[in-house]
Amino acid sequence: MEPRPASVLSKLIILITAIFVTYIIILNLWFSVYTNSILYALITIPVFAAVLFLSLKMNILPASFAIMVFIMAFLFKGTLAFFADTRPVSDFSLFYKYAVDLIQGKKALEQYLYFKTWAYQTGPVIYYAGIMKLFGTGLLPLKLVNCFFMAGSNMLVYLIARKVSNDFTARFISFLYLIYPAPYFLAAVLTNQHFAACMFLAGIYLLLLEHKNILVRGIAAAIFIAAGNAVRPLGPVIITAVVVWCIVEALNHKSVAKILLSAVLVAVYLTANLGLSAAVKSTGINAEGLNNNFPLWKFVAGLNQQSKGQFSYDDQNKIYVIEDFSKRNKVALKTIKERVSVEPHKLLEFFGTKVLVMWAEFDTLAWEFYEDDNGKLKAPARMEKAEQVAVRVEKMFYILVFLLLLTGLIKALASRDIPSGIKLLSIILLCYFGVHLLIEIQVRYRYFAVLIVFILAASGSEVLFTSFKKYKKSSML
């Protein structure tokens, strides 16, 4: 059967993604020249070549490879987490403190302003309390379980990449992610990102299992995405992207199957969210459930031009501390309106600055290796030189993978039929990019998006393999 030509809408989605990715690459190249990072490509390019050769020569079954990647990722990251003396700070410190309280029977988190305002942060507390209930109180069990889910994400990078490309490129990309430095900067950190990212990827993988029962896929994917959302609230972004993808596919194939899938997904996702929130209330852990009682805050912070869209103590001291929620919302809404009421060119310049900060600046070792100095993270002297090298090597990895992503998008634009998985992942990226133009940003918030970037880069990686006879032969089978 001849493949159906890609719709104009599908091409438009890929084109917009390609334009934004090109912009990010240009910013990163400029930033790399400005910070004298380009020479570190002399380290990363040979590594890419070695991984490429290894991916081509390794002759094991896909299931065996997936297990191998999982084990290697867990061992590599788990070893770092075991030896790194990382202490939780900021929100992570709160998660740990109240998780310990929870297993000691102390509940009613709504009595604290933080958990009354952002009740959804009860999710990470319950997650860590559950781990400590199983494996004992302390930081190490939490770190190692996080590494388990990081390994799961690495395995899912491989499995999903096989859906958008082929086994050779999927191996190449999953190996690259295995040695990509940035995740190691968070391996020993009690962030809620590791578990959530793994759950979101599991949901995406299930959605791409085209030959499985559509109802089962929709239900299972929704449950995984809801589980991830309970620990890190990115679920709405992913669900929105999936619904858009289903509509695009339904229009392209003139089929109601994808509409049914999106309806099932949304219904189960909302039901699961309500059920989890009700369970938190009924157990007395937090009377507010998993609600977000101050959603405007992310926009207050994200539209602050002085802080470049990042957290602002000034906003915290003026707005967050207002105890009357109704009054606080009014002040927040007024602040947001003032911040978007500037001249259009200034707003565009601000958005450009946010893109630079989030998508082009150096990653950081602060969360894992810095020391707490009166509430502020400070780099120990012994780390300064090592950090300069580490972030520059990471930057070259980052740029090269983005270049592979762009190559894959250009290939998709030139093709008659765009793989469904490429469309879904591109829409997720666009939604993620768009949301972070408006809300609070940090460099570490690109964690989940970079996983998607690596997966999409598998398609672009095909150009690296075309000169190998073994690859040519397998690709014709």
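Cβ coordinates come from backbone N, Cα and C, glycine included.
Some features that TrEMBL has for this protein:
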- 12-31: transmembrane segment (TRANSMEM)
- 37-56: transmembrane segment (TRANSMEM)
- 63-84: transmembrane segment (TRANSMEM)
- 168-187: transmembrane segment (TRANSMEM)
- 193-209: transmembrane segment (TRANSMEM)
- 259-280: transmembrane segment (TRANSMEM)
- 396-414: transmembrane segment (TRANSMEM)
- 421-439: transmembrane segment (TRANSMEM)
- 445-468: transmembrane segment (TRANSMEM)
Answer yes if the transmembrane segment (421-439) and the transmembrane segment (193-209) have at least three CB pairs under 8 Å among residue pairs 6 or more apart in sequence, and no otherwise.
yes
When each of 12-31, 63-84, 168-187, 193-209 is checked against the transmembrane segment (37-56) for Cβ pairs under 8 Å, which one has the most?
168-187
Under 8 Å between C-beta atoms and at least six residues away from its ends: which parts of the chain pack against the transmembrane segment (259-280)?
119, 122-123, 126, 207, 214-215, 217-219, 221-223, 225-227, 229-230, 235, 239, 242-243, 246-247, 250, 286, 289-291
Remote residues contacting the transmembrane segment (396-414) - C-beta distance under 8 A, at least 6 residues beyond either end:
11, 14-15, 17-18, 21-22, 24-25, 28-29, 32, 37-38, 40-41, 43-45, 48, 165, 176, 180-182, 363, 422, 426, 450, 453-454, 456-464
For the transmembrane segment (12-31), could you work out the same-chain residues 6 or more beyond its ends whose Cβ comes under 8 Å from its Cβ atoms?
37, 248, 355-356, 359-361, 395, 398-399, 402-403, 405-406, 409-410, 412-413, 418, 422-423, 426-427, 429-430, 433
